[in-house]
Amino acid sequence: MSEKLYPVLPEAKKNTLIDNETYLEWYEESMSDPDGFWAKHGRRIDWFKPFTKVKNTDFNGDVTIKWYEDGVTNVSYNCIDRHLKSRGDKVAIIWEGDNPYIDKKITYRELYENVCRMANVLKKHGVKKGDRVTIYLPMIPEAAYAMLACARIGAVHSVVFAGFSPEALAGRIVDCESTFVITADEGVRGGKPVALKENTDTAIDIAAKQYVMVNKVLVVRRTGGKVSWGRGRDLWYHQEVASVEPHCEPEPMNAEDPLFILYTSGSTGKPKGVLHTTGGYLVYASMTHQYVFDYHDGEIYWCTADVGWVTGHSYIVYGPLANGATTLMFEGVPNFPDQGRFWEVVDKHHVNIFYTAPTALRALMGAGDEFVTRSSRSTLRLLGSVGEPINPEAWEWYYNVVGDQKCPIVDTWWQTENGGILITPLPGATDLKPGSATRPFFGVKPVLVDNEGNVQEGVADGNLCISDSWPGQMRTVYGDHKRFIETYFSTYKGMYFSGDGCRRDEDGYYWITGRVDDVLNISGHRLGTAEIESALVSHHSVSEAAVVGYPHPIKGQGIYCYVTLMTGADAQDPDELRKELVQHVRKEIGPIATPDKIQFAPGLPKTRSGKIMRRILRKIAEDEFGALGDTSTLADPGVVDDLIENRQNKK
């Protein structure tokens, strides 16, 4: 753990919405009087019919979660219509294309017309309240229009990341029995086309074999690339929207009506359809967006995620737009045309708040500082991190090099299931420790539990649970409430189990140590892989590291490290560097963490969202590379061949 403490910056304190005193006061109120607290903050969104009930939740038995259950509202209305009077001409979405010379600005009034037209197209083709619509689009404005159009008419959207394979798309279409798909001819990423329409056609054929028939496909023309056409089924978006009205009344929605399904992989079985509902989700997404990012009217906010992930739902679309913010959507990748792209976009659009993932930061850090320092980044005020624990070395680089020591970093912990950020610093209230997500957001009760279910008090290590509900929490697994209870509420009775390990320090700060299934047991000692990875990455030659366990004849599990080197570091003698890294880890953590195998690799197997696929790394480490399972979601499947070829553990 990093011992360094970074006090709240004077500049952040000066203009903040929440200082430390306010944080402590509000947090105490949210614990002692959740009904009163959430009633007050529930009014941050507009209700067609105000709620009289606030919290009705039970983590035992059949697990019911209801918030604002008698209130009536509409998410699309809250994200668009209510802003038209005061900020109709304000930019709602800045779209930055994959090509650095292409961008577009969409005002709230233009957003209204685009969303209403798309909503009317859906209605024209028979989509009704409660129907599931699958959205398989690249990061273009139409992705946001599609989500908001579904919300407007009460259809439930299921966004599938445009990097997923036809098989993955088909599985998601089948699971929620979706009959309407919105896609594009092609996507563009890093200058290369992605065959979305072709993938959609394949997925529809696969779904049909499982008796789910897609009736209509709305196709956005992104590249003008050639596509095959299903007569009577396929529709051009640009033709359809031209023939409908730019006005559509928002459907009155009960607070507990479904808003969206988003599939997330579990440790077992097929992906789970995480179901989020209307009222509580929007209250929580908008409130966390405002206070975690200390958002002030007029600022330019950029979350680099994709709408195919929950971060894109909550912090590109719903949270920012509910707050009347200007949100930036980026179609491209961090390293195209080169590794300076993020910072050039920051300068070009005068970005004030920047929210990205540690995996991107580590890759950019490995490319060298000059890609960062050639930009001014003078408009940046706040930096954020999401998706996985950020190792202290990447945190320090982000703070010192990207932020020039003038931007607080909000290292946020949350999950698809949570709807919004649960543990996080607040920039004007929280002293920072590199690598720590620090303190819980309002209304969030973290509990550390040992493997026997005993609650750990004070300084402790344990399994991270949340002991009471918050408005943004998922309500069920779509079509499988039993799986919902088994996955999240059966391990520790009466608590939501996150699946993550965590440490609480003497200041009450929380340190996420990685998935509990990523914990190694070395000679009877528990070690989080994140700790070993962090130690490796703190070495000046290492850009990125992933650590897994493998069967060891003496210790039970051995430590197998995959290491990607900094540019230029591969000139060293590999055996010498291995010895150096072993000593470095021993020094950082202790002899118990001595790596057994270190394999140098040009890249790690990652999904297109940047998550490292540890399952594949485990199999290679165990020499079971015949059983790698599905590798179709990998960004670069060629990486796997290199890993197998050069594995350190050949039998």
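Positions of Cβ are set from backbone N, Cα and C atoms, glycine also.
Taken from Swiss-Prot as is:
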type    : residues                                                                                       : note
BINDING : Arg189, Gly190, Gly191, Lys192, Thr311, Asn335, Ser523, Arg586                                 : CoA binding site
BINDING : Gly387, Glu388, Pro389, Asp411, Thr412, Trp413, Trp414, Gln415, Thr416, Asp500, Arg515, Arg526 : ATP binding site
BINDING : Val537, His539, Val542                                                                         : Mg(2+) binding site
MOD_RES : Lys611                                                                                         : N6-acetyllysine
Tertiary neighbours of Arg515 (ATP binding site) (same chain, Cβ under 8 Å, six or more apart): Gly499, Asp500, Gly501
Neighbourhood of His539 (Mg(2+) binding site), C-beta criterion under 8 angstroms, separation at least six: Glu580, Leu581, His584
Where Arg586 (CoA binding site) falls in three-state DSSP terms: helix
Listed binding-site residues (Val537, Val542), ranked by Cβ neighbours within 10 Å, top entry: Val542
Cβ packing number for Arg586 (CoA binding site), 10 Å threshold: 15
Distance from Lys611 (N6-acetyllysine) back to Gly387 (ATP binding site), taken between C-alpha atoms, in Å: 8
Distance, Pro389 (ATP binding site) to Asn335 (CoA binding site) (CA atoms, angstrom): 22
When distances run from the Cα of Thr416 (ATP binding site) to each of the recorded positions Gly190, Thr311, Val537, Lys611, the nearest one: Thr311
Val537, His539, Val542 excluded, remaining Cβ within 8 Å of their centroid (Mg(2+)): Glu393, Ala535, Leu536, Ser538, His540, Ser541, Ser543, Ala545, Val563, Leu581, His584
DSSP state at Arg189 (CoA binding site), helix/strand/coil: strand
Asn335 (CoA binding site) CB neighbourhood, other CB atoms within 10 A: 16
Alpha-carbon spacing, Pro389 (ATP binding site) to Lys192 (CoA binding site), which is rounded to whole Å: 30
Chain-internal residues, separated by at least six, CB under 8 A from Trp414 (ATP binding site): Val386, Gly420, Ile421, Leu422, Ile423
Proximal residue to Gly191 (CoA binding site) among recorded positions Thr412, Val537, Val542, Lys611 (C-alpha distance): Lys611
Cα-to-Cα gap, Gly190 (CoA binding site) vs the residue listed as 'N6-acetyllysine', nearest whole Å: 18
Collapsed DSSP category at Val542 (Mg(2+) binding site): strand
Residue, out of the binding-site residues Gly191, Pro389, whose Cβ gathers the largest set of other Cβ atoms within 10 Å: Pro389
